[in-house]
Amino acid sequence: MTLAKEIARDLLKIKAVYLKPEEPFTWASGIQSPIYTDNRVTLAYPETRTLIEDGFVEKIRAEFPDVEVIAGTATAGIPHGAIIADKMNLPFAYIRSKPKDHGAGNQIEGRVAPGQKMVVIEDLISTGGSVLDAIAAAKREGADVIGAAAIFTYELPKADKNFNDAGVKLVTLSNYTELIHLAEQEGYINAEGLALLKRFKEDQENWHL
């Protein structure tokens, strides 16, 4: 079984991902969605957590061999990023969504040298907006951001466009396509549910029952 399928299986098993194609969720953006993901749940399961962090290390070493510092997005990317940095014996920093309004006004916590090659860790990619904002902040501080890595992606076309426009390489451990097919194979959804989930991937903005 591939890493993407292993992680998809674990996300379903521990209920980090909920699939309700016939009772959709409403995202903050207003989009009706048949899927909801909370990857923070993975931190409570040591075997899943280890699978994820080892997967990150393998992917980062393969795709970004020159990395010099790992950074996590606040807050979801912090625990994963810290574990990855420890496993890779690299410095760690984290990036706030906005600068502090007191003290030194830092947006990046930790020490990042100008030109230091950075990979930014996020737990979930929807449109990619939050991680790309974090990357922009890191670049303003002088970091050389060579890529981003995430546990899971919804594979939204808008995310692909946003990362391409920003010139940022993204790698993920698992994805929507792998997960919905595995979910159907293992009985989480039926064939009709799978068809609804496939339709969502084709046109998220206009998807409805």
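Glycine residues also receive a Cβ, built from the backbone N, Cα and C atoms like all the rest.
Over in Swiss-Prot, the protein carries these features:
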| type | residues | note |
| --- | --- | --- |
| BINDING | Arg96, Lys100, His102, Glu122, Asp123, Leu124, Ile125, Ser126, Thr127, Gly128, Gly129, Ser130 | 5-phospho-alpha-D-ribose 1-diphosphate binding site |
| BINDING | Ser126 | orotate binding site |
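Positions of the features from Swiss-Prot, shown on the structure.
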residue: Arg96; record: 5-phospho-alpha-D-ribose 1-diphosphate binding site; Cβ within 10 Å: 15
residue: Asp123; record: 5-phospho-alpha-D-ribose 1-diphosphate binding site; Cβ within 10 Å: 25
residue: Ile125; record: 5-phospho-alpha-D-ribose 1-diphosphate binding site; Cβ within 10 Å: 27
residue: Ser126; record: orotate binding site; Cβ within 10 Å: 21
residue: Thr127; record: 5-phospho-alpha-D-ribose 1-diphosphate binding site; Cβ within 10 Å: 19
residue: Gly129; record: 5-phospho-alpha-D-ribose 1-diphosphate binding site; Cβ within 10 Å: 13
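Counting in whole angstrom, Arg96 (5-phospho-alpha-D-ribose 1-diphosphate binding site) lies 19 from Ser126 (orotate binding site) by their C-alpha atoms.
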